[in-house]
Amino acid sequence: MANISTLNTTAAGFDAVAADVSGPRGRRPKRALSRRNIILYGTLFVAALYYLVPLYVMVVTSLKGMPEIRMGNIFSPPMEITFEPWVKAWGEACTGLNCDGLSRGFWNSVRILVPSVVVSIFVASVSGYSLANWRFKGSELFFSILIIGAFIPYQVMIYPVVIALRELGVYGTLTGLVIVHTIFGMPILTLLFRNYFASLPVELFKAARIDGAGFWQIYFRIMLPMALPIFVVAMILQVTGIWNDFLFGVIFTRPDSYPMTVQLNNIVNSVQGVKEYNVNMAATLLTGAVPLIVYFVSGRLFVRGIAAGAVKG
Amino acid sequence: MTGHAPAKRPNQLFRNLNSKIASIPMILIAVGIFFGGSIWTIIYSFTNSKLLPRMSFVGLDQYERLWSTSRWIISIQNLAIYGILSLIFSLLIGFMLAALMDQKIRFESAFRTIFLYPFALSFIVTGLVWQWILNPEFGVQGIVRSLGWESFTFDPLYNPDIVIYGILIAGLWQGTGLVMCLMLAGLRGIDEDIWKASRVDGIPMWRTYLFIVIPMMRPVFITTLVIIASGIVKVYDLVVAQTSGGPGNASEVPAKYVYDYMFQAQNLGQGFAASTMMLLTVAIIIIPWAYLEFGGKKRG
């Protein structure tokens, strides 16, 4: 019995060799339309549809007139394309306080965004640099507290921050909100910069030290130019994060300087008047446009940013 | 022995002075806000502060009142349902998508772009879009009815019993792309030889995933779990945008409870007590993880 089976395997081996010699080499080429591929791409396609439908619905709804929306199907493409909802959302939509549309919120958001991004990235990059290259007693302890702080719900720390800002006299002002964004952006950004600076060759730092460069000189003339990619990642992270913020906007600003997200919510969820779904969707798209553009332009860097954000701790 | 030790400057405090000065913001934030702020909130949760924080201690009164408020109970129930389902589904969908993406497919970056773009959007935008799609008159329900199925009902945002599932759908849409990305990174980290070995042994693919790859990806799963979980506890904007906590208070969540009591109802003590409960929830998730991850080296 054993003999026969050995014989069989050998025979099979011979066959394989024969096939190898005579026929074309390599594995049998896969057919493009195998059952596996149909299932694979089919599933991916259906999933992609689920993710794309809301975007499609937003665009389609925002291009319809109200009569067409009332007739019925949110998925049907517009019979008559109109840009009026966009104009209205930008310049005329009402929040209950005023009727000058989302443009006010947009500019408020820009005013909040620019200083917040600059300040938070500067503070965090210097801290990260300090942690990576100029350790002092206790620096790692402070860093650990910072990282643990990333997991504490904002609600726990928000009132002490309100009091601190009130004491400083900046509660409700732009400066106050910039400080808040700097505080809550710190853990992830510091981690990002610390890890990046720590990955740079230490010889570089040592050489600069021997040449007599000090803390700030090394930071501005060596570290900063070398860390440009990580600055871009940090910017992506902060621009989308701060633009999308709602909680801090609602707590730390006054109604006339509400950021775009807060204003959008007030426009759409305001109870008075007839609901204009097309204007609402145009407003929603306008608010989502900034992070979406950042996302589509930055591509891989965005993924890198969130991956960096994900491995905190 | 002593010959190699660097010569010490006379004053420890002035060593690295620039670095210390530059770290002042970080130290202030870490110690003052993150540590001090949390302690402050915990301490004041034992007081009967109303409009302004006051140092008059009332023991556990605020907590007793908190746990006898039906709105808080509903908030916690919602958080539990939303949290557990969100964890299960986002891990499941995220992993499945990542596994499909890992089959050396064409258009991988296009698919990834599509799966991930909702993550770039804010919860407000997410909530408002799904509020529109789930609109009973014009949205999914309306369409199915207009196709002839007159009795079809799917109005999660107007039905207190299922409203949290309506929020879950939106939350999953926004967040699964991130999970997919993390899982994909994990899968790419698996040695190609593992796959070859299992193929040689004739193990079917699903068994390789289930018994070899997933156990190997344990760290990725745990990290992802912690990230999703600590995000879930914070869920606030999504609910505000999609339902404002309604119908009634059927979709309230703890974060919204805290905000409303602190900044609207002017009942700070309740807000502090509720936020301390949130902190406790996060601690229950984080501490075992930190312990596993750092083996007690870097403890929280």
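The backbone N, Cα and C atoms fix where each Cβ goes, and this holds for glycine too.
Note: TrEMBL annotation is automatic and uncurated.
Per TrEMBL, transmembrane segment is recorded for B:21-46, B:79-101, B:113-133, B:162-187, B:208-233, B:272-292. Look at TrEMBL and you will find B:76-291 tagged as domain 'ABC transmembrane type-1'.
Sequence-distant residue pairs (6 or more apart) of the transmembrane segment (B:162-187) and the transmembrane segment (B:21-46) include fewer than 3 whose Cβ atoms are under 8 Å, leaving the two stretches without contact. Counting same-chain residues at least six beyond the ends of the transmembrane segment (B:208-233), those with a Cβ under 8 angstroms from any Cβ of the stretch are 79, 82-83, 86-87, 90-91, 94-95, 99, 175, 178-179, 182-183, 185-187, 189-190, 194-195, 198, 254-255, 278, 281-282, 285-286, 289, 292-293. Below 8 angstroms of C-beta separation, residues 108, 111-112, 115, 164-165, 167-168, 171-172, 175-176, 178-184, 186-187, 209, 214, 221, 224-225, 228-229, 232-233, 235, 253-254, 281 of the same chain, each at least six residues beyond the ends of the transmembrane segment (B:79-101), sit close to that stretch.
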